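See below for the structure under consideration.
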Amino acid sequence: MRKEDLRDHAARALTRARERSTALTDAVDDEDLVRQHSKLMSPLVWDLAHIGSQEELWLVRDVGGREPLRPDIDDLYDAFQHPRADRPALPLLGPAEARAYVGEVRAKAFEVLERAPLEGRRLTDAAFAFGMITQHEQQHDETMLATHQLREGEPVLHAPAPPSRRGGPLPGEVHIPAGSFVMGTSVEPWALDNERPAHEVAVDAYFLDTTPVTNAAYIEFLEAGGYDQPRWWSEQGWAYRTAHDITAPRFWRREHDGWRRTRFGVDEPVPPRQPVVHVSYYEAEAYAAWAGKRLPTEAEWEKAARFDPATGESRRYPWGNDEPTAEHANLGQRHLSPAEAGAYPAGVSALGAHQLIGDVWEWTSTDFHGYPGFVAFPYREYSEVFFGPEYKVLRGGSFGTDAAAIRGTFRNWDYPIRRQIFAGFRCARDAGHV
Ligand SMILES: [Fe+2]
């Protein structure tokens, strides 16, 4: 991309992220912004000022070499210094102050973007730092959307309903032949350190569910007593299910006429054809065992999403190398729920799997780790400090993930007990030698 095009591209991406942050924070009053809606989340006003604080650190001070605007608040918005539960007690910027601060930082960041050489330094090559900060803001926007889902009260967010499935029924599974493929990337300009480098991975033959597991399928597991039978659960999963008395996906409840859920303040029947969302890794794992299957590994997920057997190459997205559009995938908070399984035929992968990008994050069975040859960049706290058996990898993004913060190589991670995130799953099973 030419330098000027790159600057425009980065500016547009930053602006789109800010429009979303503004919409998410303007949707509620000041009292709501400073309140903690759940111990799992920060007050929305913390996320907002934290977005500005990271932008100040990387774009204004580091790339721009400018004087700090607010060195006094660095510590307050350092996610490693203060766990979410403690953030409401901090002397945080109030709503008006936070809005003014992020606006000032953005004005300076745009000045820097106009003048930065965009080469000669890894942080600025291909405007990487601007891409990283855009993705950071979009990730916090998704977190703020999850806070909205936890918030009680009247609905304040509105969006059109997602598309329905068109066409006939899809096969339940796709077959992925054995063979190696290129996982990760060394060329995607805004890919983060944990997606790098590209490397060959050998994968045995397997079957993968064509779509994420739907609510209707999940209800069968519920009705079969799946939550009452330890045999489907791992030891840790059962301990967790029992300790927290978990009996259904988060935000669901059983009424005389069937299952209902609360979604951004709206009470509604659970839509049978949409992918299940708000399930922990442990619930996904138990469902898969009950179905006679298992969760896919991260490599299996990525091969199904990216590998093109016609060329032997890995694509950027399931449908090819073009950026996502509204036809390809349910992304960007365009809708406030997943779309029906099969609703995005234009997003199908070369190997026949649907909706790998968008709708729901998908739990994989893989612990978060660095790829062979991993190098932390630009700082260890971005990913490396999270490597290890405590976190499971999630793939594909949700309806609440922006296109700027998702691609076939993108990796998310979380604790296996988490349910407030927009996570669902699909199952896999070994194909053996056929
Ligand atoms: Fe952050």
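Start at 1 and count along the chain as shown; that gives each residue its number.
Cβ coordinates are placed from backbone N, Cα and C, and glycine is handled just like the others.
Automatic prediction, not curation, is the source of TrEMBL annotations.
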Worksheet item: Pick from His37, His50, His244, His256: which one does TrEMBL list with His136, His140 for the same Fe cation site?
Response: His50
Worksheet, complete the sentence: Min neighbour Cβ count (10 Å) across binding-site residues Arg87, His140 flags Arg87
Item to complete: Could you measure between Arg84 (gamma-L-glutamyl-L-cysteine binding site) and His50 (Fe cation binding site) for me? Cα positions, answer in whole angstrom.
Response: 12
Response to the item:
Cβ density check for Asp414 (gamma-L-glutamyl-L-cysteine binding site), other Cβ within 10 Å (all protein chains) comes to 21
Response to the item:
Those same-chain residues, other than His50, His136, His140, found with Cβ within 8 Å of the centroid of the Fe cation-site Cβ atoms are Asp47, Ile51, Gln54, Glu137, Gln139, Thr143
